[in-house]
Amino acid sequence: MTVSPVALRRKTECKPHPTARYWKKCDVEALFGLPFLELVHQAAEVHRQNFNPREIQLSTLLSIKTGGCPEDCAYCPQSAHHNTNLGKEQMMDVDEIVEKAKIAKSRGASRFCMGAAWRGPKPKDVETVSAIIKAVKGLGMETCGTFGMLEEGMAEDLKEAGLDYYNHNLDTDPDRYNDIIHTRRHEDRMDTLGKVRNAGLKVCCGGIVGMNETRAERAGLIASLANLDPQPESVPINRLVKVEGTPLDDAEDLDWTEFVRTIAVARITMPQSYVRLSAGRSNMPEAMQAMCFMAGANSIFYGDKLLTTGNPDEDGDRILMEKLNLYPLQFELEGEVAEVEKASGIKVDY
């Protein structure tokens, strides 16, 4: 794939290099600066070179331990530092979690993601979530966990329990990280990601846009993700959900075209990663979501809630996928097509 020098004419001499392994921040910003339709077109081409553009991976996300987090992330209603009227709750019962996973599978989800509002788990917490992971794996689903920063040996324990993916987002541009979070450093996130990779787990790692960042700072986030080696298997792109009581509850709305640009640039720079539409999708019109899928998004969170904030319900997602002739990615053999159609309610038409 080539990028037109004319389309990239700008004051800086920096030009994007889509085949380069290392992405400079200015290279990524140059991609953001392409004419909108040209950028989406190039991202769509990259997407089709690496994926079936009609397949969408469906994940369900459940908060198994909500509220009372000691971190002070400016975007998060679960922080104990913010007055969001979200109380601290005990961890859900294992049987209740498994029942939620069964429901998610019956509705077409292939991956069950679990989140806990911790800075990091204690050894006893790892034992508890390991039992949960084993139970969910027994249902035939992929598992993903987001439990905060890990100590030595914890990633190996989670891997042994059957965890497939570990989510640990880089949140924002490293250069502004401590404008958003003061209780940890960007380097702390990188440390846990290293532990996760060394344990043989797959990585789910993305960030949040719409936190009053500049385009250059969005480029910095994407560059930091694209330069992970190897690149994340899953890249969730969150659009800030403004919650009253958080420091960012009055953030300026991110223009929809800028969000689509972010999806497109993520696809170009991380061609073999699943790019997921994550938080904020409930406020996205169908046409905007369709543009995101065209620009390379191929995964969504499926279910009416993401941790503590709203998400489109399953019926709405089924209708949208039918309109766009998309279908769930959760099978490898043609013999499983009927089972997928029955579970999701979505007609699979090759």
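Just so it is clear, glycine is given a Cβ too, placed from its N, Cα and C backbone atoms.
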Site co-member for [2Fe-2S] cluster according to Swiss-Prot, given Cys144, Cys204, Arg276, out of Cys113, Cys292: Cys113
Arithmetic mean of per-residue pLDDT over the domain 'Radical SAM core' (54-278): 91
Listed binding-site residues (Cys69, Cys76, Cys113, Cys204), ranked by Cβ neighbours within 10 Å, top entry: Cys204
Between Cys69 ([4Fe-4S] cluster binding site) and Cys144 ([2Fe-2S] cluster binding site), the C-alpha gap once rounded to whole angstrom: 20
DSSP three-state assignment (helix, strand or coil) for Arg276 ([2Fe-2S] cluster binding site): strand
Chain-mates of Cys113, Cys144, Cys204, Arg276 with C-beta within 8 Å of site centroid, [2Fe-2S] cluster: Ser59, Leu61, Arg111, Thr146, Tyr165, Asn167, Ser234, Pro236
Nearest-integer angstrom distance between the alpha carbons (Cα) of Cys73 ([4Fe-4S] cluster binding site) and Cys204 ([2Fe-2S] cluster binding site): 19
